[in-house]
Amino acid sequence: MTLNTIVKKLFKNNIRQYALFLFSIVFAVTMIGGYGVLQFSKTITNVLMNGGTSEMIALSMFGFTLIGTLIFIIYAHSIFLKYKSKEIGVFISLGIKRKDVRKIVIKELNIIFLIATFLGLMLSIPIAWLSWSTLTLFIKTKETAFYIGWKGLLVAVLFGFLCMIITRCLTSRYVKKVDIIKILKVNDEIEEVKGGNFVLGLIGVIMIPTGIIMYTSRTLNRILGGITSYSLIIILIGLYLFIVQFTTIGELLKKITPEYYYKHIVFFNLVKLKGNQYTLALFVSTILIGVSIFSVAFNAESMISGMLTNYNDPYDYMVKAGFQQGYFGDRDINELANTYNVQLKDFKKFDTLIMASFSKKYNEWSPINVVSDEMVYKLTGKTLDVKPDCLMLVVSDNENTDPNNYSYLTQPEPIITLLNFTTKKQLTLDNKGIKCINKILSWDNKFGGNFFVVDAELFKKLYEEQKKEYKFTTYVFNTQNWKQTGNFSNALFDAIAKASGGKWCLNYNSGYKEPYEYKNINENISNTYRWWGFTPASRYHTFNEGISDFAVYLLLFIYISVISFVSAIMIIGIKILNTVWQDKGVYKNITFLGARQKEIKAIVSKQVALIYFVPVILGTTITLGLFKSMLSHGGSKYPSIVFLFACGLSLLVTLIQVALFFVIRKHAIKECLNFKDI
């Protein structure tokens with residue numbers, strides 16, 4: 001019998017393991033390729049501002065997905081190698097040098113990875129298109145058209161080769177150091193799990209909420225600075241320490257209730273026997289389920305809050321005019337309204353200055369909008385008495401809102417330093433904190449629902465000193481029926497674009513006249529609407545077209561969520577298959593000791609339940625706790641509604657897992673009771 005004959009025979013005997021590993025790689029490459037095709041397509045890049053926060057978040061999530069999928073491949077490889085160890089033992093016992101054995105195994109790995117990567121690439125575009133088409137059935141706009149991002153396929157190829165290199169290294173190391181005696185006893189070897197201690201588990205339980213509090217605490221972040229990343233590490237360490245205890249729970253129950261332990265001794269020992277496998281599978285799938293819920297809930301918050309805020313904004317329209325618009329003003333607005341038979345009401349206007357506030361934390365100047373206290377009276381009829389040497393931040397929100405929710409909008413220092421861009425003089429004012437006034441201003445990209453207020457006399461003095469580049473007039477008004485103002489909304493934008501010379505300035509509010517960055521308005525009309533500070537805020541446009549910004553961004557993260565959730569299901573499924581194949585011999589042996597099928601079914605059910613429900617319970621609970629804390633401290637305008645959405649999402653994930661549990665449990669029991677191939 002030749003070596004090739006032996007290799008072929010061993011391959012046929014373990015065809016299921018090869019198929020499972022091949023499928024895992026195909027799945028991983030397909031998911032990464034499909035994600036990359038979307039991430040780098042015009043569908044996404046046209047919405048995400050180059051170098052902006054949204055783009056950084058999207059790329060960071062892509063990076064986390066790559067890391068999570070890589071861990072999934074390493075996990076699948078470890079299971080494959082565990083079964084492959086018997087073949088390695090056969091080769092070594094036949095006198096074949098370890099160097100040659102390594103070549104045989106790595107050659108197989110190369111073939112598997114090349115085939116799997118090719119299949120994954122072929123499936124990437126169809127899967128991405130099918131997934132995106134399914135998602136856009138619910139939210140469909142002209143912005144959600146599907147385009148192929150070819151860079152994504154390149155990323156998938158590089159990912160496949162990276163996985164191949166890593167698994168080659170792990171395989172080489174294993175073949176080099178493996179002990180034949182251990183190979184022969186691989187199924188009976190108890191995996192020692194580090195951290196399997198009740199005290200460490202209790203510490204883990206404490207670390208999880210501690211990390212959540214640290215992550216969302218403004219006070220701790222202000223004192224310690226950059227604590228956010230460390231707090232996430234604390235949460236993950238706490239989660240790991242807690243999950244480890246599930247594999248050694250039998251030891252604890254043995255001390256507390258010996259009768260219960262010995263009644264279920266087979267179950268507890270089977271879990272302990274494969275401690276590392278259980279720990280890794282539960283830990284990774286818990287994280288992936290958490291990511292799947294968080295990615296959708298976190299980004300849906302922007303869409304939910306944005307649409308509700310726009311619906312509740314006090315004005316249908318807000319127009320900002322400055323140096324770029326020349327003499328465009330209220331007369332032009334009224335003429336357009338008459339042309340399109342739009343009746344205006346609640347028409348008001350006020351002057352604004354752009355100045356800069358100095359941040360000691362970041363050691364830099366940032367632009368702010370400054371108005372007079374007379375303007376507040378003009379808009380609300382309320383007197384806001386601001387002393388000449390004082391400064392106050394006014395936010396458009398309910399008067400009962402905790403002002404600390406908006407502390408991120410201003411500096412925490414008692415004295416705030418302002419910079420006059422024209423004279424380059426600095427002005428120090430007492431910080432009088434934050435005041436919320438209901439429906440004083442719309443939440444849009446011109447003001448963001450807030451502005452700084454100074455005394456009327458001081459404002460007049462500053463206004464006279466400033467150049468025209470830093471002076472603006474804002475017009476706010478309502479209409480008889482905003483839902484019927486589509487033509488007026490478009491004409492208003494066209495009129496402002498014409499007054500601006502057909503160009504828009506991206507950095508008009510930076511405080512520096514040179515160099516201003518101008519772009520043609522018609523070059524990318526969507527970007528102009530999104531990023532130009534002089535685009536009129538229109539309730540009609542937001543509800544009929546502006547939703548596309550949120551839609552594309554949300555759909556991308558729903559896709560990420562699907563990848564994470566499916567990956568978690570894959571890890572759980574692989575773990576259950578592996579458990580079934582490993583434990584069949586044990587189940588057959590205990591039948592000789594009098595165990596009935598009913599008892600075997602109960603043991604299998606407990607194992608499947610452990611693998612299925614620990615990740616979903618921990619993943620949903622920790623994610624909801626973190627998300628709730630973020631909503632409470634992050635200035636969300638509608639935290640209760642957004643949190644209910646997150647709870648509904650968690651319930652959906654749980655119901656899917658429950659349904660899958662009964663299906664998988666049925667097949668697992670059927671497989672475990674089939675002793676023909678043992």
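Backbone N, Cα and C define each Cβ position, glycine as well.
TrEMBL lists 60-178 with the feature domain 'ABC3 transporter permease C-terminal'. The transmembrane segment feature in TrEMBL is assigned to 18-37, 57-76, 109-132, 152-175, 196-217, 223-244, 278-298, 550-574, 608-627, 639-664.
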Annotated stretches the transmembrane segment (196-217) and the transmembrane segment (109-132) touching (3 or more Cβ pairs under 8 Å): no
Helix, strand and coil totals (DSSP H, G, I; E, B; other) for the domain 'ABC3 transporter permease C-terminal' (60-178): 103 helix, 0 strand, 16 coil
Residues from the same chain, set at least six apart from the ends of the transmembrane segment (152-175), whose C-beta lies under 8 A from its own: 25, 28-29, 32-41, 66, 69-70, 73-74, 77-78, 81, 85, 88, 98, 101-102, 105-106, 109-110, 113, 116-117, 120-121, 124-125, 128
Residue numbers, six or more beyond the limits of the transmembrane segment (278-298), whose CB comes under 8 Å of its CB atoms: 61, 64, 68, 71-72, 75, 78, 193, 236, 239-240, 243-244, 246-247, 271, 554, 557-558, 560-562, 564-565, 567-568, 571-572, 574-575, 610-611, 614-616, 618-620, 622-624, 626-627, 630, 642, 645-646, 649-650, 653
